Amino acid sequence: MTTPALLPLSGRRLPPLNLGTSSFPHHRATLRLSEKFILLLILSAFITLCFGAFFFLPDSSKHKRFDLGLEDVLIPHVDTSKGGKNLGSFLIHGQGHDEHRHREEEERLRNKIRADHEKALEEAKEKLKKSRDEIQAEIQTEKNKVVQELKKKDSKPLPPVPLPNLIGINSGEPADPDIREKRNKIKEMMKHAWNNYRQYGWGHNELKPIARKGHSTNIFGNSQMGATIVDALDTLYIMGLHDEFREGQEWIDKNLDFSVNSEVSVFEVNIRFIGGLLAAYYLSGQEVFKIKAVQLAGKLLPAFNTPTGIPWAMVNLKSGVGRNWGWASAGSSILAEFGTLHMEFVHLSYLTGDPVYYNKVMHIRKLLQKMDRPNGLYPNYLNPRTGRWGQHHTSVGGLGDSFYEYLLKAWLMSDKMDTEARKMYDDAIEAIEKHLIRKSNGGLTFIGEWKNGHLERKMGHLTCFAGGMFALGADGSRDDKAGHYLQLGAEIAHTCHESYDRTTLKLGPEAFKFDGGVEAVAVRQNEKYYILRPEVIETYWYMWRFTHDPKYRQWGWEAAQAIDKYCRVSGGFSGVKDVYSSSPAYDDVQQSFFLAETLKYLYLLFSNDDLLPLDNWVFNTEAHPLPVLHLANTTLSGNPAYR
């Protein structure tokens, strides 16, 4: 689930400069004429510099030789009273011998430098006989050698850790031919999305399916990190698209580089990249994914270097310098961002045996437990310098959503041993029920937003994930309220389905109101868009798993058909700008989470429950499945990072 406030920022990115050859028609011709001369000039200058350095720089070897000569002279302790003349002659003799050695050494070095100079000139002449392409090929070969050496240094072997008992990583084939046909359709949609990204956006973070070129936003910085590849891997794997999976693995092995001067969102990179790499590792067992995840995690750690230990929202992967979004309540960090690291960081500590990741997220938890919460609610903003809340705005949608999700999932992922996380979840949900959840005049249950003591009767598409969360957390809830929370999940699912059903395209808007006669409908133009989001379908899937009510598959199929009809273009899938228009404009972005989440949840909705069973797997907020760490069949209980 992507924090919605991040999306407008992408509009402020500058277009890439066009540095094509047409802008500089004579540039290549000039290079061809001058390349050889420049190369010779550089080599000659370097050799001349080395030659001159011998005469003009202080020669430490001279001092060394003088000291040794003096020591040789002074070793015999001659009594001057018995013949100072003897000592004087000895000194003179030693100095003369030293000067002679010094002249010989200088001559030898001159001859060596002269020979080296002549050899270098000969090599330069040989180089200049080669074609431009041959020279470039040699340069590229040397660069590749350096890159490989750096990779070897970064790819330190990780300690062997037994994999948890992995159940249900393939199959799930439904017996019902109608359901099987629908599942195959979802698989075909995935292939359409992937193949077009492969053809037009390969290596870029995302795809512009209409312009047919790569796309990125400020959450990924200015580098091409192949976000769609990493995000889509586990979906490809569970769908049995193993050729495509191997394509992605090969790109990651050869091209995914985190030593770039690029400022990225800690939250987004954690849930998409670290979550995606860890899931790919657990599903496939390929070490490269684990190694890359650990390398990237190390690049995120400097973000925690704040006075409170609450991480910055962004960090530069090369320099480690962090900062917060300018729009976030007086430089605050965001609850859904610093509160959505726990799952991935616990797995990092488990896989590496290094407690640093676990300690970072537990420190955040301990700090939050000590803080006062207005009305028992967690505000969305916390200042990492002062440790104080920012403005009192609470949301189960954007800015807050996945914090609550990760409290519940921390408990589930620990084999229900992390009771501290479960208590925090239960306390938070009770406060949310009391202050944020209401019924509309038309009988629709919705979750509003608390802003400075006032409930705003508006619900975001992002908030629709909560229906699935309530169902997932029903078992184990306080006071035997499992039935209550399963029912609450069903009511949220119904409300979110209504937000889809009341549009022209049968796709849900970004946000919808419950004011007066307007219910589950977007009012503002800038809230009428659909950007291929997964949260409603996610809730349908959880509700299907827990109830097997066929309406959830029916609702999911309606959404799949609408996406295929209105969002599919020849170059992939695009978001639409107005779900209430019969001929909407496209936003021309195929989001990476469409492949990671939306299509995965649809595929699982039409699969049997033995594919990624919820007793064994917990999905991160980007739908990347991570195994439950059962104490009985892992070394976790003996892992000091977890204790």
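The backbone N, Cα and C atoms fix where each Cβ goes, glycine too.
Per TrEMBL, transmembrane segment is recorded for 37-57.
Marked as region 'Disordered' by TrEMBL: 148-177.
When other Cβ atoms within 10 Å of the Cβ of Glu268 (active site, proton donor) are tallied across all protein chains shown, the result is 24. Per TrEMBL, the feature active site, proton donor maps to Glu268 (among others).
According to TrEMBL, the feature active site maps to Asp401 (among others). Here the Cβ of Asp401 (active site) has 29 other Cβ atoms within 10 Å, regardless of which shown protein chain they belong to.
The disulfide bond annotation in TrEMBL covers Cys464-Cys496. A C-beta separation below 8 Å, combined with a sequence spacing of at least six in one chain, links Cys464 (disulfide bond) to Ile492, Ala493, Thr495, Cys496, Ser499, Gly508, Glu535, Val536, Glu538, Thr539.
If you look up TrEMBL, you'll see Glu510 (among others) marked as active site, proton donor.
TrEMBL lists Glu535 (among others) with the feature active site. Around the Cβ of Glu535 (active site), a 10 Å sphere holds 25 further Cβ atoms from the protein chains shown.
For Thr621, the entry in TrEMBL reads Ca(2+) binding site. All protein chains shown were included, and the count of other CB atoms within 10 Å of the CB of Thr621 (Ca(2+) binding site) stands at 26.
Reported as a whole number, the C-alpha separation between Thr621 (Ca(2+) binding site) and Asp401 (active site) equals 9 Å. Cα of Glu268 (active site, proton donor) to Cα of Asp401 (active site): a distance of 14 Å.
Rounded to a whole number, the distance between the Cα atoms of Asp401 (active site) and Glu510 (active site, proton donor) is 15 Å. Compared over the recorded positions Cys496, Glu510, the count of CB atoms lying within 10 A of a residue's CB peaks at Cys496.
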